[in-house]
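Working notes for the structure below.
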Amino acid sequence: MFKFALTQTLCLAGSLSLAQHNPHWWGNRNTIVHLFEWKWSDIAQECESFLGPRGFAGVQVSPVNENIIAAGRPWWERYQPISYKLTTRSGNEEEFGDMVRRCNDVGVRIYVDVLLNHMSGDFDGVAVGTAGTEAEPRKKSFPGVPYTAQDFHPTCEITDWNDRFQVQQCELVGLKDLDQSSDWVRSKLIEFLDHLIELGVAGFRVDAAKHMASEDLEYIYSSLSNLNIDHGFPHNSRPFIFQEVIDHGHETVSRDEYKDLGAVTEFRFSEEIGNAFRGNNALKWLQSWGTGWGFLPSGQALTFVDNHDNQRDAGAVLNYKSPRQYKMATAFHLAYPYGISRVMSSFAFDDHDTPPPQDAQERIISPEFDEDGACVNGWICEHRWRQIYAMVGFKNAVRDAEITGWWDNGDNQISFCRGNKGFLAFNNNLYDLSQDLNTCLPAGTYCDVISGSLIDGSCTGKSVTVNDNGYGYIHIGSDDFDGVLALHVDAKV
């Protein structure tokens with residue numbers, strides 16, 4: 001009897017972990033966008049007017065729970081919880097629920113950035129949250145949950161990142177560290193996540209996952225409800241989980257401890273793709289991109305060029321401030337069949353703490369758009385750059401087609417096919433790429449979706465004529481506005 005029960009439990013755990021890697025995308029859609037710090041009402045409108053029609057699969061939204069109000073309203077205040085009430089600068093619970101429903105109705109899934117590791121850091125005196133809840137973080141008193149000091153690990157500072165105890169039981173940058181082995185803490189976290197599932201979300205991005213023991217997270221994940229069938233999810237669907245685990249390959253707490261529980265953020269992807277398109281590594285080496293570079297297996301890796309944290313750091317990571325290289329890196333990211341892809345949608349920043357665009361009363365303002373659909377009032381909206389949303393369409397068009405026809409010049413000019421459905425070429429050299437290349441596409445004329453769009457049968461940018469052998473003449477000048485060209489079967493003139 002015991003052996004049967006144990007086997008049954010292990011099988012259930014295995015099936016749950018496998019299910020938690022499924023993002024529940026509609027049809028052939030397969031790209032997530034992080035609409036960082038957007039309001040819920042604006043996200044709902046964006047799903048209906050842009051993301052759905054452009055074929056985006058889902059949105060990662062900023063934390064939904066009540067947070068501390070910090071002076072100047074820096075973005076990171078959202079990562080300092082006061083309670084699990086669904087009231088933030090992005091909106092209230094009613095507005096959040098309306099957004100989730102409207103996005104699901106147009107095939108765009110919602111993934112919530114959730115904070116299970118900690119509550120707010122120290123605050124002088126009584127802190128007031130975005131829903132008006134009072135707390136005394138220094139005393140570890142959060143009546144809005146409620147949590148008291150007994151629900152937290154003892155106060156200590158992380159001084160040695162090679163010490164597992166410190167990494168997982170001390171306070172990350174002073175944030176009060178919850179004890180996830182506590183039955184009470186577990187129950188409150190599960191209750192919070194289950195409420196979001198009831199409202200129709202498809203899954204969660206788990207912040208600071210490496211700072212929590214994997215066995216505690218496994219318990220929490222396995223205790224969650226199935227996704228809400230009223231929002232179009234099949235019966236017995238499990239929430240998609242992707243976990244923030246920063247692992248550069250030499251960490252005491254490894255990404256491998258979490259990869260079977262759900263997807264894991266592959267930070268090495270971000271660093272190495274930045275190195276390549278900054279010119280620090282020849283593009284020819286990208287032929288073995290993915291597990292050949294020591295990355296996680298494709299289905300366990302959440303991949304990105306930059307995220308809301310590392311785009312603010314110096315180093316190899318590319319961001320919107322290097323637009324030509326950034327668009328090339330994003331095109332490669334979305335064209336190469338590796339990982340679960342997420343693109344960034346930022347707001348402009350001058351320093352690490354810059355808040356999102358806000359009015360004189362410190363209320364987040366809605367994005368505004370010019371005649372081309374680009375954002376103009378402090379929002380960057382990379383997802384609205386033609387070169388990026390066109391590659392979301394490219395990724396949808398080629399879907400599961402394999403890499404074929406790799407070509408390179410031994411340096412920084414490369415091209416490859418995605419079966420007979422798509423073709424990409426890149427030029428990161430200081431001289432032109434002018435070459436007859438195998439596009440692997442059926443004969444015909446194709447619109448380069450990077451330089452233009454196919455409108456009423458005509459291409460507004462470059463076009464390439466492919467002969468009966470699949471070859472076409474490819475030209476990317478060293479001083480072209482974009483260093484990449486993309487063709488696919490859904491953009492045939």
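Glycine too: its Cβ is placed from the backbone N, Cα and C atoms.
Database features (Swiss-Prot):
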- D207: active site, nucleophile (ACT_SITE)
- N117, Q168, D177, H211: Ca(2+) binding site (BINDING)
- R205, N307, R342: chloride binding site (BINDING)
- C47-C103: disulfide bond (DISULFID)
- C156-C170: disulfide bond (DISULFID)
- C375-C381: disulfide bond (DISULFID)
- C417-C440: disulfide bond (DISULFID)
- C447-C459: disulfide bond (DISULFID)
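Counted over all residue pairs in R205, N307, R342, the record's binders of chloride, the longest Cα to Cα distance measures 12 angstrom. Same-chain residues that are not part of N117, Q168, D177, H211 yet have a Cβ within 8 Å of the Cβ center of the Ca(2+) site turn out to be H118, H153, V167, Q169, C170, E171, L172, L178, Q180, A208, M212. Same-chain residues that are not part of R205, N307, R342 yet have a Cβ within 8 Å of the Cβ center of the chloride site turn out to be I32, H34, Q60, D113, F242, E244, T265, L302, F304, H308, M344. A separation of roughly 38 Å, to the nearest angstrom, links the Cα atoms of C459 (disulfide bond) and R205 (chloride binding site).
A C-beta separation below 8 Å, combined with a sequence spacing of at least six in one chain, links C381 (disulfide bond) to S345, S346, P367, A374, C375.
All protein chains considered, the CB of C103 (disulfide bond) has 28 other CB atoms within 10 Å.
Taken residue by residue with DSSP, N307 (chloride binding site) is part of neither helix nor strand, so it is coil. In this structure, the CA atom of Q168 (Ca(2+) binding site) is 44 Å away from the CA atom of C417 (disulfide bond).
Here the C-alpha separation of C417 (disulfide bond) and N117 (Ca(2+) binding site) works out to 43 Å.
Non-local contacts of C47 (disulfide bond) by the CB criterion (under 8 A, 6+ apart in sequence, same chain) comprise V59, M99, R102, C103, V106, V108.
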